[in-house]
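Here the structure is laid out as structure tokens; the discussion comes afterwards.
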Amino acid sequence: MRTLWIMAVLLVGVEGHLWQFREMIKEATGKEPLTTYLFYACYCGWGGRGEPKDATDRCCFVHDCCYGKLTACSPKLDIYSYSQKNEDIVCGGGTECEKQICECDKAAAICFLDNLGTYNKEYNNYSKSRCIEESPKC
């Protein structure tokens, strides 16, 4: 519970992209990302290593890879526009970076939705120190 309180305090000042990604996931899955995905398995949240533990963790791995390809962008900082139409996420205009970041986030949100059935509560708050296998290539 203390961790949730700390995260809430830290996120009060968060604006832009990371908050947008949170909203996108919440709209797609109906789940609160801060408690559902932030500390999930080996790749969800900051950093990642080892072999993804399941399909949900693989969504995070692929998302990290997607961000990794955007070398000229600031995926965690750039603000983009998107809307939801008939349950579809539609990335809006903006710069090429903003569009690409939005598409990475959209793919992750859809992946989480498609893999809700694989979500394993045992991987929530999983210690990254247990992720010791060699990481797959993107």
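Keep in mind that glycine also has a Cβ here, set from the backbone N, Cα and C atoms.
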### Query
Swiss-Prot has Y43, G45, G47 down as binding Ca(2+); which of D54, D64 does it also list for that site?
D64
#### Entry: Candidate in C59, C60, C65 joined to C138 through a disulfide, as Swiss-Prot lists it
C65
### Task
Tell me, from C59, C60, C66, which cysteine Swiss-Prot puts in a disulphide with C111.
C59
### Task
With reference to Swiss-Prot, specify which of the listed residues C102, C104 is paired with C91 by a disulfide.
C102
### Message
Can you look up which of C44, C66, C73 is joined to C60 by a disulfide in Swiss-Prot?
### Response
C44
#### Entry: Nonlocal neighbours by CB distance (under 8 Å) for C131 (disulfide bond), same chain, sequence gap 6 or more
A41, C42, G48, R49, G50, E51
### Task
Sort out the sequence-distant neighbours of D105 (active site) for me: same chain, 6+ apart, CB within less than 8 Å of its CB, listed by position.
Q20, F21, M24, H63, Y80
## Note on the structure
Running the disulfide-bonded residues C102, C104, C111 through a 10 angstrom C-alpha radius around C44 (disulfide bond) leaves none
### Query
Inside 8 A of the center formed by the CB atoms of Y43, G45, G47, D64, which other residues of the chain have their CB, for the recorded Ca(2+) site?
C42, C44, W46, G48, C60, F61
